[in-house]
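Student: Here you go, one structure.
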Amino acid sequence: MFWISKNAFDLVITMMQDICIPSINASILNMINLSLIISYCVCNPGFTGHDCSLRSCPDNCNNQGRCVNGKCVCNSGFTGPSCLNKSCPSNCNRRGRCINGQCVCNPGFAGPDCLKRTCPDNCNDRGRCVNGKCVCNSGFTGADCSECVCDDGFTGEDCSERTCPNDCNDRGRCVNGKCICDSGFTGDDCSENTCPNNCNNRGRCVNGQCVCDDGFTGADCSAKGCPNNCNNRGHCVNGQCVCDDGFTGEDCSERTCLNSCNNRGASLITLGRTDRGEAAGHWRHRAL
């Protein structure tokens, strides 16, 4: 603080630290015989005013706001500790970043304040975006309205591809409207199980199993069958019965004689069934 005293003869300048006299009345001036007192405060950083009682604001708020108790109250459109930065509407609703007064929105949001939800690919200009979801125009579908609503029998983005029946039941590929079935499946829609070797054209394939024609047998009908399946008294080899001991004939239906009757008689065979379904026989011998 500078205290300047002046009279007709001399000029006295006195520096007094840490004392500030903002005003003084005329009677005191006459008492101390001073004609002029000039005083002002040099404030410490962070304070201002004629008596340094006010807190100052950074950069005086850049003339874009008011200083209140050491803090800037920024004018509309400005923000920051010193009101230096331009503000964004609604602070971008916490859905983006504010750069030079404009919102740079996060993915999925748009608008000057990032309030509006966006739609994928802007619905490809084939629909309207409502709350982040596409409401597609007639004839289009999909999350982004990129797919056409195809007529029956056609598919694809532009409906240029032919469909296959039942989409081949996930057991094959659809090529130009026809199913190319995976191994083990057949039919227009690959819904049927295949049979081994297609039953060798000697039977019908039913649910993956061969129903062989007469005279053939085996999983793929490749083996020749034997008459009456050898009556369960032998096994079939290449279409001929190899009979078990005690039986003979094309179908093993005849019993053989013990020791051929020792050439002393003939056998008369009567075949039947017991209550248990077992084969039973009766024979009598005639001596020669």
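Every residue, even glycine, has its Cβ placed from backbone N, Cα and C.
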Student: Looking at TrEMBL, which of C205, C221 bridges to C212 via a disulfide?
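Tutor: If we follow TrEMBL, the cysteine bonded to C212 turns out to be C221.
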Student: In TrEMBL, C205 is disulphide-linked to which residue out of C190, C195?
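Tutor: When TrEMBL is consulted, C205 turns out to be bridged to C195.
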Student: In DSSP terms, helix, strand or coil for C205 (disulfide bond)?
Tutor: strand
Student: What is the separation, in Å, between the Cα atoms of C195 (disulfide bond) and C212 (disulfide bond)?
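Tutor: That separation, Cα to Cα, works out to 11 Å.
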Student: For the disulfide-bonded residues C195, C205, C212, C221, which Cβ has the most other Cβ atoms within 10 Å, all shown protein chains included?
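Tutor: Its Cβ has the most other Cβ atoms within 10 Å: C221.
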Student: Give me the Cα-Cα distance between C205 (disulfide bond) and C212 (disulfide bond), rounded to a whole Å.
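Tutor: Cα-Cα distance, C205 (disulfide bond) to C212 (disulfide bond): 9 Å.
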Student: Find the average pLDDT over the domain 'EGF-like' (191-222) in the predicted model and report it.
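Tutor: When the pLDDT values over the domain 'EGF-like' (191-222) are averaged, the result is 91.
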Student: Give the helix, strand or coil assignment DSSP yields for C195 (disulfide bond).
Tutor: coil
